[in-house]
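Here's the structure, in structure tokens; my notes come after.
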């Protein structure tokens, strides 16, 4: 077992031709974040001293997307094989550290497997991650003598006998910095592909008398790479199935685990119920006894105890205290805050607005840049007119206010406590406590009125 410090190299220079996309392959998302970010996160969780990212195609987009402080960007201008990629990073290796080699398009590698690989690496030798496949066609085969790993033969260079070997190379390995630099300097491209294979260092290490220890991953999906969108979609479902299983075992009721997506992290209380086709993105917190209806999307939000979110509601960057009810078809945009027992009904939109304790906005309403007190009733069709074409302005509504249907509050405006606003009113001035306000035009009756007749 090695006790050395460790750095990680992530190979991410491939074009991803089979993705048929202008986006670099490793930036295609799995569970809401780029594939390569999953690998970077694993490296950081392992406590890597540095992460060397070998890039080529789409370097500008990679730099715009990835903002890790400890990333060292290494350019591979020509893609001449995995060994060539590692040669570009080699000048940054310290002799006394271990180097772990990972891939930006193998997103589900687990920290636990990598910890076992690191622990298994012999002093002066190599730790190698391998798997056995029923059909190993196309993969490099692991050769052994008396049970000991002696080398890796790529499929195109393998003999018929070697092609019968089922144990294959995943490409993930760990070796000492000084040894790795020495072996990389000896690589040649005398092979069927005309490339520099990192796998050739296995035979070099064996010839020098160093031990190579093979470790198997916990699950095959951990080492599955992505070369096309079909493979990416399959890994997405594998990942989501794993997350759903963990949540079910932790006490979350998923009505259909196959129709649930977690694209971030979820902290949850007890007796949480989640219906079908729900998507959770970013960092989501659900309190005890929260119920989420079918088709909801919740992103970067905290939902308090006993809240119920009815179907097809969207909640983003919002905060809900206990016992709030939302939807169906409600939209809470960034900055929405509901205090205890508040209700937002169907086709109500909130942004940068706070709804007080026990207050209700039941139907067809827009509340933006607003502070609304406790026990307020917002009638159907109410709009806070917060934008004058250049700037946003605030609406403040006190406690115990009744706002009638089809009311427009033209900000900036303040409504005092206990105010009653009649239906159809346009509020343009501040209102003192306990006033009744109405601004309707006189109702006109025209007897004997005849509707226009359509011309034929």
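The backbone N, Cα and C atoms fix where each Cβ goes, glycine too.
Over in Swiss-Prot, the protein carries these features:
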type	residues	note
REGION	1-229	region 'Pyrophosphorylase'
BINDING	11-14, 25, 76, 81-82, 103-105, 140, 154, 169, 227, 333, 351, 366, 377	UDP-N-acetyl-alpha-D-glucosamine binding site
BINDING	105, 227	Mg(2+) binding site
REGION	230-250	region 'Linker'
REGION	251-456	region 'N-acetyltransferase'
ACT_SITE	363	active site, proton acceptor
BINDING	380, 386, 387, 405, 423, 440	acetyl-CoA binding site
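The two recorded residues residue 440 (acetyl-CoA binding site) and residue 105 (Mg(2+) binding site) have their Cα atoms spaced 64 Å from each other. Per the record's binding annotation for acetyl-CoA, residues 380, 386, 387, 405, 423, 440 show a top Cα-Cα distance of 23 Å. Of the listed binding-site residues 227, 377, 386, 405, the Cβ environment within 10 Å is emptiest of other Cβ atoms at 227. Ranking the recorded positions 227, 363, 387, 423 by the distance of their Cα atoms from the Cα of residue 81 (UDP-N-acetyl-alpha-D-glucosamine binding site) places 227 first. Annotation note: residue 440 (acetyl-CoA binding site) sits in a coil segment as assigned by DSSP. The binding-site residues examined here are 105, 154; by Cβ neighbour count within 10 Å, the least packed of them is 154.
Reported as a whole number, the C-alpha separation between residue 380 (acetyl-CoA binding site) and residue 14 (UDP-N-acetyl-alpha-D-glucosamine binding site) equals 55 Å.
Rounded to a whole number, the C-alpha distance linking residue 387 (acetyl-CoA binding site) with residue 363 (active site, proton acceptor) is 21 angstrom. If you compare Cα positions, residue 386 (acetyl-CoA binding site) sits closest to 333 out of the binding-site residues 11, 227, 333. Looking only at other Cβ atoms within 10 Å, the busiest spot among the binding-site residues 14, 81, 104 turns out to be 104. The sparsest Cβ neighbourhood within 10 Å, among the listed binding-site residues (11, 423), is found at 423.
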